[in-house]
Amino acid sequence: MFERLAKSGQEFAEQTKEHIAEYADAGLRTLVIAYREIDEQEYVEFNEQFTEAKNLVSADREEMIEEVAGKIERDLILLGATAVEDKLQNGVPECIDKLAQAGIKIWVLTGDKMETAINIGFACSLLRQGMKQIVINPETPENKALKSDEKSAAAAAFKASVLQQIAEGKRLLSSSTKNSEAVALIVDGKSLTYALEDDVKDNFLELAIGCASFICCRSSPKQKALVTRLVKSKTGRTTLAIGDGANDVGMLQEADIGVGISGVEGMQAVMSSDIAIAQFRFLERLLLVHGHWCYRRISSMICYFFYKNIAFGFTIFFYEIYASFSGQAVYNDWFLSLYNVFFTSLPVIALGVFDQDVSSRLCLKFPPLYQEGIQNVLFSWLRILAWLFNGVLSATIIFFFCIRAMQHQAFRKGGEVVGLEILGATMYTCVVWVVNCQMALSISYFTYIQHLFIWGGIVFWYIFLIAYGAIDPDISTSAYQVFIEACAGSGLYWLLTLLVLIASLLPYFAYSAIQMRLFPLYHQMIQWIRSDGQTDDPEYCHIVRQRSLSHTTVGYTARFEAKSKSSKERARDH
């Protein structure tokens with residue numbers, strides 16, 4: 001605003017700057033007020049140009065709007081400044097602390113003055129006493145002297161100053177990293193303008209990512225969106241933006257996920273976001289509880305989809321090899337069609353909707369659990385290939401058990417061996433039992449719906465086999481009376497189903513038991529202490545938290561740990 005003042009309108013500029021500094025030091029949000037009288041002709045010309053710029057659909061639309069606005073926002077007369085108290089909502093520091101423990105990188109992009117932004121950083125525990133700060137601000141005495149000179153020379157000097165400060169910051173960061181010290185980066189809006197230029201932004205991003213905290217003050221809505229785009233495009237990380245005002249709309253739309261807060265700032269942020277919440281503190285439940293649950297559900301659901309279809313498909317493939325690729329199908333056509341429709345699909349849907357490995361209370365109590373999603377522990381290539389191998393192994397056990405047990409074994413009282421229709425029905429029964437019971441072993445949180453879908457799928461297979469087998473043989477073909485007349489009365493059929501089920505699930509059961517005991521994942525450790533009733537034991541909880549996949553550098557937990565560490569070092573020195 002001060003750069004847009006007329007020479008005759010700067011009478012109280014210095015006093016106003018002093019007042020603004022006092023307000024900012026007190027943590028207040030400041031607003032500078034200036035005016036200029038314009039005639040009707042000038043306004044009409046401005047309105048036409050501004051409307052034309054807003055209606056552009058080209059890539060330089062924002063630049064054109066700023067250029068037109070700059071033509072009228074000049075030669076202003078300063079009236080003064082105001083300040084209002086902008087208190088943090090309840091639960092904000094606690095929420096930020098839990099998000100930091102969860103391994104989420106937290107950046108603050110605000111339009112407040114630097115002093116106000118720093119006070120907010122201390123209030124949220126993004127900054128703490130003793131934390132090294134890298135401040136990038138081009139307002140050096142040398143640069144201030146260039147303000148009256150040519151604009152291009154001043155811009156070049158500002159840019160050179162920003163480049164120098166970034167280089168110094170990277171040197172400080174490298175030395176602090178060796179000493180395991182947390183560093184905060186604080187940037188103002190003018191510096192950010194040069195830091196986001198093509199030849200500077202890579203170095204700037206490298207510095208920002210290496211710092212524990214990043215606070216950008218006096219940033220415009222466009223700069224917020226550009227910073228978000230830079231992080232998203234250069235790092236490939238998933239970005240989430242949260243804001244409550246119209247100046248956050250660009251940032252919300254640029255991020256992968258936009259969260260709008262409804263409140264006194266209006267509804268523009270909510271209308272432009274993907275998710276709307278009423279208060280900032282609700283973000284911890286949104287991410288740490290529902291975020292973790294959704295990640296686990298989706299990853300488990302996809303892996304199980306691979307498993308059950310490979311287990312089914314490879315039995316068909318093995319039979320084709322056994323039949324010398326004659327083209328003879330081992331299963332009835334309707335068996336093939338209904339496998340993914342009725343007999344195995346509903347348990348997967350229940351898994352994707354209802355499963356919970358850890359309760360919501362424990363998700364909030366152990367925020368590092370969220371790091372499983374950040375590290376992609378549950379959906380890595382190793383885990384996917386392990387499920388594929390499990391599917392191939394199950395198919396192998398099912399096929400060869402059935403073939404070896406029934407190939408030369410007398411099945412009827414007359415001594416006849418089984419035909420293709422009985423072999424197909426028996427193998428299909430084993431597949432339905434194995435994949436549904438595998439689902440029962442994989443689920444951590446049973447509901448009545450999951451019981452209904454898992455065991456109901458198995459029961460429905462028998463009902464379908466009876467009903468379909470009772471239809472005219474011209475329609476039911478190889479399934480005609482295969483269950484009532486052949487399979488149901490045979491002890492071999494039921495014994496083989498039981499043995500195949502046990503043999504197919506035994507490798508997974510053994511692997512899960514060994515992993516749970518010797519190499520537990522983070523959620524399994526929480527399940528372990530929950531089953532032992534030790535979730536309220538401070539010692540056990542501390543041990544589990546120490547197994548976090550990444551170190552916490554911000555938040556009041558990190559502040560307490562840093563203070564405790566420094567106290568121990570001082571005591572050791574004395």
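Residue 1 is the first one shown; counting continues down the chain.
Every residue gets a Cβ built from N, Cα and C, even glycine.
Automatic, uncurated: that is what TrEMBL annotation is.
Copied over from TrEMBL, here are the features:
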type: BINDING; residues: Arg29, Thr110, Gly111, Asp112, Arg218, Lys224, Asn247, Asp248; note: ATP binding site
type: BINDING; residues: Asp244, Asp248; note: Mg(2+) binding site
type: DOMAIN; residues: 270-520; note: domain 'P-type ATPase C-terminal'
type: TRANSMEM; residues: 304-322; note: transmembrane segment
type: TRANSMEM; residues: 334-354; note: transmembrane segment
type: TRANSMEM; residues: 384-403; note: transmembrane segment
type: TRANSMEM; residues: 452-471; note: transmembrane segment
type: TRANSMEM; residues: 491-511; note: transmembrane segment
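Location within the structure of each feature annotated in TrEMBL.
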| residue | record | Cβ contacts under 8 Å, 6 or more apart |
| --- | --- | --- |
| Thr110 | ATP binding site | Thr116, Ala117, Ile120, Ile215, Cys216, Cys217, Ser219 |
| Gly111 | ATP binding site | Gly189, Cys217, Arg218, Ser219, Ser220, Asn247 |
| Asp112 | ATP binding site | Ala24, Arg29, Thr30, Ile120, Cys217, Arg218 |
| Lys224 | ATP binding site | Leu109, Cys216, Ala241, Asn247, Asp248, Gly250, Met251 |
| Asp244 | Mg(2+) binding site | Gly260, Ile261, Ser262, Gly263, Glu265, Ala269 |
Pairwise Cα distance maximum in Å, ATP-binding residues per record: Arg29, Thr110, Gly111, Asp112, Arg218, Lys224, Asn247, Asp248: 18
Within the predicted model, mean pLDDT of the domain 'P-type ATPase C-terminal' (270-520): 91
C-beta crowding around Arg218 (ATP binding site), within 10 angstroms: 19
